[in-house]
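Undergrad: Mind looking over this structure? Questions follow.
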Amino acid sequence: MAPFSTIFFLILLIVPLCSATLGVQYYDQTCPHAEDIIYQTIRNASFFDPKVPARILRMFFHDCFIRGCDASVLLDSTPENKAEKDGPPNLSLGAFYVIDAVKTNLEKACPTTVSCADIVAIAARDVVAMSGGPYWNVLKGRKDGRVSRANETVNLPAPSFNTSQLIQSFANRGLGVKDLVALSGGHTLGFSHCSSFEGRLHNFSSVHDTDPSLNAVFAQSLKQKCPKPNSDRNAGQLLDPTSSVFDNNYYKQIISGKGVFASDQSLLNDYRTGLIVKAFANDQTVFFREFAASMIKLGNVGVLENAEVRLNCRAVN
């Protein structure tokens, strides 16, 4: 086994550890209504577009997993640089316009004060809470990064990952096994296109045409929605039956063999994660508590302190 100092150094190479002094009351003096402004804007947008909550939550994950929680996912590409949002895993991200609206409202109330990185972190909490999930106090004080590279999105965990690959991906960001299982529960909100799971439905292996870990009836329904060949680019599947409600149904689906992604289903059959999946399926209160704790932990990954507060979340100052 490598010595602790070696492992610690390797982690430093992958994602900078948080050295910033984050606090719940960071904007109390400089922008006391910041969280109210963010909440009202997010709530209004979600009323007109029910997809907003799932998209904002996914945006937060994808931001923090690449370069840490620095709003690099919000930067637009330029002629000289292809940004994260144009990397293949992020092409299906949406709701950037909602963050733009939040930033516009905040700039009117408190110019050059609230960072785009904090907006995404607070908005992620708000969409979870307004969808019926837990509420937690978001630590604030992040600054916005100036670097965003599409080729780095290859480091996002893929829906085809097995549990060992997932555990390593999360460990690279200082997150443990319980964080992995809890944060995967974010899939209780939202929808996936066929491309993210069709490998489980057709020509799965030399022995099985369909992934044998899939419930047979569920697999058949997925095949009907995602035939081969599939000409409907919008076809796909809700990630759990109550996809607009933040609850523990996602874990119940996994136990029933109805996890949409291979990565989700793999959590049940691995000794390191299976018991946690069952615990969250059995007790929503426990899941909510652990999800909130893991979101706070994720929000501390790679935080920048000596950087800028963007005036426009899509471009560096």
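Numbering starts at 1 and runs along the chain as it is shown here.
The backbone N, Cα and C atoms fix where each Cβ goes, and this holds for glycine too.
Just so it is clear, the model here is predicted, and its values are computed rather than measured.
Below are the features I grabbed from TrEMBL:
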DOMAIN    21-317  domain 'Plant heme peroxidase family profile'
DISULFID  C31-C110  disulfide bond
ACT_SITE  H62  active site, proton acceptor
DISULFID  C64-C69  disulfide bond
DISULFID  C116-C313  disulfide bond
BINDING   P157  substrate binding site
BINDING   H187  heme b binding site
BINDING   T188, D240, D247  Ca(2+) 2 binding site
DISULFID  C194-C226  disulfide bond
Undergrad: Around the Ca(2+) 2 site (T188, D240, D247), what further same-chain residues have their C-beta within 8 angstroms of the site's C-beta centre?
TA: G185, H187, L189, L239, P241, T242, S243, V245, F246, N248, N249, Y250, Q253
Undergrad: So for C226 (disulfide bond), how many other CB atoms are inside 10 Å of its CB?
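TA: Its Cβ shell of radius 10 Å holds 21 other Cβ atoms.
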Undergrad: Closest to H187 (heme b binding site): which of the recorded positions C110, C116, P157, C226, C313, going by Cα position?
TA: P157
Undergrad: Among the binding-site residues listed here, D240, D247, whose Cβ has the fewest other Cβ atoms inside 10 Å?
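TA: Each of the binding-site residues D240, D247 was scored by Cβ atoms within 10 Å; lowest is D247.
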Undergrad: Which residues in the same chain, at least 6 apart in sequence, have a Cβ under 8 Å from the Cβ of H62 (active site, proton acceptor)?
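TA: When sequence neighbours closer than 6 are ignored, H62 (active site, proton acceptor) has V73, E84, P89, N90, L93, T153, L156 within Cβ distance under 8 Å.
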Undergrad: I need the CA-to-CA distance for the residue listed as 'substrate binding site' versus C64 (disulfide bond), whole Å please.
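TA: The separation of the Cα atoms works out to 12 Å.
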Undergrad: List, in sequence order, the same-chain residues at least six positions removed whose CB sits under 8 Å from that of C116 (disulfide bond)?
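TA: Correct list: A71, L74, I99, K103, D144, V309, R310, C313.
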Undergrad: I need the CA-to-CA distance for C226 (disulfide bond) versus C110 (disulfide bond), whole Å please.
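TA: Cα-Cα, rounded: 48 Å.
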